[in-house]
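**Student:** Before we start, here is the structure in question, set down as structure tokens.
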Amino acid sequence: MTKNASRQPISSVGIFTKPHRSDDIRLILESLIPWLEKQGISVYLDLEGSKTLPSTTGWTKEEIVRRADLVLVLGGDGTLLAAARVVADHQLEKAKSSLPPPILGINLGNLGFLTEVQTSEIFDVLTKVLDGHYLTEKRLMLMTRIIRHGHSISESHVLNDVVINQGSKARLVEFDIYMDSLFVTSLKGDGVIFSTPTGSTAYNLSAGGPIVYPEMDGIIMTPICPHTLTHRPLLLPDQTRLEILIKKGDSVIVTFDGQVDHPLVAGDLIEITRSPAMTTLIVSPDRNYFEILRDKLKWGDRSHN
């Protein structure tokens, strides 16, 4: 990840909205869209958001990413993760004509670790962003391929994590893990998490994995309830190829960013590498990573002493 002060002019803004929050979204959009248009900004609202404002044209997320200089996410971290995957797909298009837009998250969710801007700050932050006064962070992503009988049947790019587990059944999964064709370990347990530094504060953290500073490049492997006392999380190089061979397990699934599932069968091979795409986040120059850790996760909190 790199952090840069940016002066890239912004003349168009795409808005991605959180589903099932129509009342909150509508109240924000009723003031936000006229304000942006008054600044001379072209606005592209996603189809979900346009349902709350029938007089406004809705656009597919893919079309928004092609047209917008900035993607504004109104929602929680999950909404931002979904937006990051759409932007990554655009970035990897062979016929792309421009750089992918940066993402600015406005928190309408609960935690808001990635969507760090509060609704009360929208106009102050956007004023600075439109004036070119903002910082960007480029975040590492992972690319995952599912290989079945020697053929790739699925490819996904994630910002947070790839999780292999048993799904809803309380049974063990058995798999072998390889790094650059070298055998790493056989693991039996509830599953395993492969996380980016960005995703280290998500499921990885809950499963006992380490918090990794976002400026580090690496892949975190964290077993989920391993049936052994000796399996511990590992921090692996980002420039490597990981392969996970499913040996045994009924209804095994792989989940991308906690949102997209794909069923697996014994013999499937999951290949994980660093994605050629990266997510560019707009971050506040008035906050740093440790402030967010303390505020959102109560990291280092000693108030109970």
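Glycine is no exception: its Cβ is also placed from the backbone N, Cα and C atoms.
As listed in TrEMBL for this protein:
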- D77, G78, N160, D161, R171, K188, D190, T201, A202, Y203, N204, L205, S206, Q259: NAD(+) binding site (BINDING)
- D77: active site, proton acceptor (ACT_SITE)
**Student:** By the DSSP assignment reduced to helix, strand and coil, which category contains R171 (NAD(+) binding site)?
**Tutor:** coil
**Student:** Check S206 (NAD(+) binding site) against DSSP and tell me helix, strand or coil, would you?
**Tutor:** helix
**Student:** Out of D77, D190, which of the binding-site residues has the smallest number of neighbouring Cβ atoms within 10 Å?
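**Tutor:** Among the binding-site residues D77, D190, the lowest count of other Cβ atoms within 10 Å belongs to D190.
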**Student:** State the three-class DSSP label for D190 (NAD(+) binding site), counting H, G and I as helix, E and B as strand, and everything else as coil.
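**Tutor:** Going by the DSSP assignment, D190 (NAD(+) binding site) falls within a strand, counted as strand.
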**Student:** Assuming the binding residues for NAD(+) are exactly those in the record, D77, G78, N160, D161, R171, K188, D190, T201, A202, Y203, N204, L205, S206, Q259, what is the maximum CA-CA distance in angstrom, rounded?
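**Tutor:** The two farthest binding residues have Cα atoms 31 Å apart.
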**Student:** If one looks at the chain holding N160 (NAD(+) binding site), which residues at least 6 apart in sequence have a CB under 8 angstroms from its CB?
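**Tutor:** When sequence neighbours closer than 6 are ignored, N160 (NAD(+) binding site) has L81, S195, T196, T198, G199, A202, Y203, D257, G258 within Cβ distance under 8 Å.
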**Student:** Taking every protein chain shown into account, which of the binding-site residues N204, S206 has the largest tally of Cβ atoms within 10 Å of its Cβ?
**Tutor:** N204
**Student:** Quiz question: given the binding-site residues R171, A202, which has the greatest number of C-beta atoms lying within 10 angstroms of its own C-beta?
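**Tutor:** That would be A202, with the most Cβ atoms nearby.
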